[in-house]
Amino acid sequence: MTRRKASLQWIAVHSLGVAAALFFTLPFVFLVLTSLMSDSQALSRDLVPHTWEWGNYRKVFDTPGFLTWWRNTLLYAGLGTVLTVVSSLPVAYALAKFRFRGRKLSLMLVISMMMLPPQVVVIPMYLFWAKQLGLSGTLWPLILPMACGDAFSIFLLRQFLTTIPDEYLDAAKVDGCGELRTLLRVVLPMARPGIAAVALFQFFYAWNDYFGPQIYASENPGAWTLSYGLESFKGAHHTDWNLTMAATVLVMAPVILVFFLAQKAFVEGVTLTGVKG
Amino acid sequence: MSAGTLAAKRRRATLRTLAFMAPWLVGFAVFFAYPLISTVYFSFMHYDGFRPPEWTGGRNWVYVFEHYPLFWPALRNTLWLVVVMVSLRVVFGLGVGLLITKIKTATGVFRTLFYLPYLAPPVAATMAFAFLLNPGTGPVNSLLERAGLPAPGWFGDPGWSKPALTLLALWGIGDLMVIFMAALLDVPAEQYEAAQLDGASAWQRFRYVTLPAISPIVMFAVVTGVIQTMQYYTQPLVAGKVASGVIQGAGTQFEPGYPDKSTLTLPQLVYNLGFQRFDYGSACVVALVLFALSMAFTALLMRRRGGLIQAGD
């Protein structure tokens, strides 16, 4: 009786699960299928390619600018991530482990900065970078600020560092380490999962950023990133959904690949951001 | 120990703190405090980037609230998105989170599949949905028509563009799913057993055990959802651009909020005023409205013993 009920429930739950799985995966499937259609078939209502046009992906790479966008994106995401981690770690360490006046206030200001939409300060920032420093048409206005710490990364690292017991730090100090040596020799190795999570989030942030490149790089296609350049694909190829979708797949794929390679660090980061105290 | 060395020690500690905090202190001054003050200043100026700024008193403010044709539509859209998109996301996120805790076979596979869309870069995900939902050749409308159902115009129809964006937002539910899943697994099992012994039905157990236990997380999801909606920019903009067919063509001007202002959001107004009309003063007025709204909800987040600050303290 209850066993029958249990197996009925198993069937109900797993049918719902399969239905949900279809909702989440079918868009990817249609995306990839369309990216492999011929030009004329992509204009039809067919769902599955007649001939598999792997050459579409080649054509995307041959599109003028596409490789430059890749390079720019890697520069923005790569250099930006390194700068963010290096500058945010000492701040997070101070907020987690030093006792000083204004610590609570600083933490509240960090959270406020985290919640600040970039559009709020973009006018003065644009005038500063473009008019005073003449850096519009490049990605430097987006990369350089990352040397000054990133609020979200500081917050996340600080959460992680508070979980390291003080005894380890005290032991290092008894051994004659200064704070910097303690940070580099003791804290850094223990904070590796937190750093990995921060690096991942920052990499994804830069990879996905659309507003930043739109403001600072739009005037110079040589400085575009993938996320910004992608929509121009639709413009250049008009109705060629197949090539546009192939380019879309190529923008999504690295993020998903990185996720699979670093799933553990990622999940750790997600739990740190929200619920866990 | 003499007073002198104690003072010296304290000074050393202060210097050390300053040294460690230095990157952020510079960042706070240059990228937060200065531009924020500057935004307030420019909101009272007429400035087009060429001629020097000129004091105009409250004229930009009057213009934005009374004459700028895009302000109220954008605010109304934001309200729509807060009411419909945020609540649907919370309900759906909770539902999917609940489902994943009940799935006992191949849980890891299901979890990964449910989570993946959240990772899709916003521009790419929007392009994908613009294709999937395009009224001409899109697979969704093909399937709907084959099933004999009405096929809406989605991103091309002012009445359907926000529902289409909502669908896109529900697809990327992974973040909420993970948060709800963790919260649901934290509910003590004894409470369920006790309720079951008392003869509570499945719904009653959900209503009187689960919901009270996870209510702080629901609150957290609602408030962060509202904050995210204030900042909602890339998806509505890209969807509007693709649907209108105007993309970065030289000299072509994109009609903001296509179709019929239905996808306008507040951040888009800052771009429209500042970078399309070169009216930096009025752009700063909208920026300050955006700032006030974001900070009000952030304050709510910090007061509530929900997620963020509970963690922060």
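Cβ from N, Cα, C; glycine included.
Features reported for this protein in TrEMBL:
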- A:12-37: transmembrane segment (TRANSMEM)
- A:70-262: domain 'ABC transmembrane type-1' (DOMAIN)
- A:74-95: transmembrane segment (TRANSMEM)
- A:107-127: transmembrane segment (TRANSMEM)
- A:139-161: transmembrane segment (TRANSMEM)
- A:182-205: transmembrane segment (TRANSMEM)
- A:241-262: transmembrane segment (TRANSMEM)
Listed stretch, out of A:12-37, A:74-95, A:107-127, A:182-205, that has the most CB pairs under 8 angstroms to the transmembrane segment (A:139-161): A:74-95
Residues of the parent chain within Cβ reach of the transmembrane segment (A:107-127), under 8 Å, 6 or more residues beyond its termini: 95, 136, 141, 151-152, 154-155, 158, 211-212, 215-216
Contacting positions for the transmembrane segment (A:182-205) when only residues 6+ beyond its ends and CB under 8 Å are counted: 77-78, 80-81, 84-85, 88-90, 93, 146, 150, 152-153, 156-157, 159-161, 164, 168-169, 171-173, 255, 258, 262, 264-266, 268-269, 272
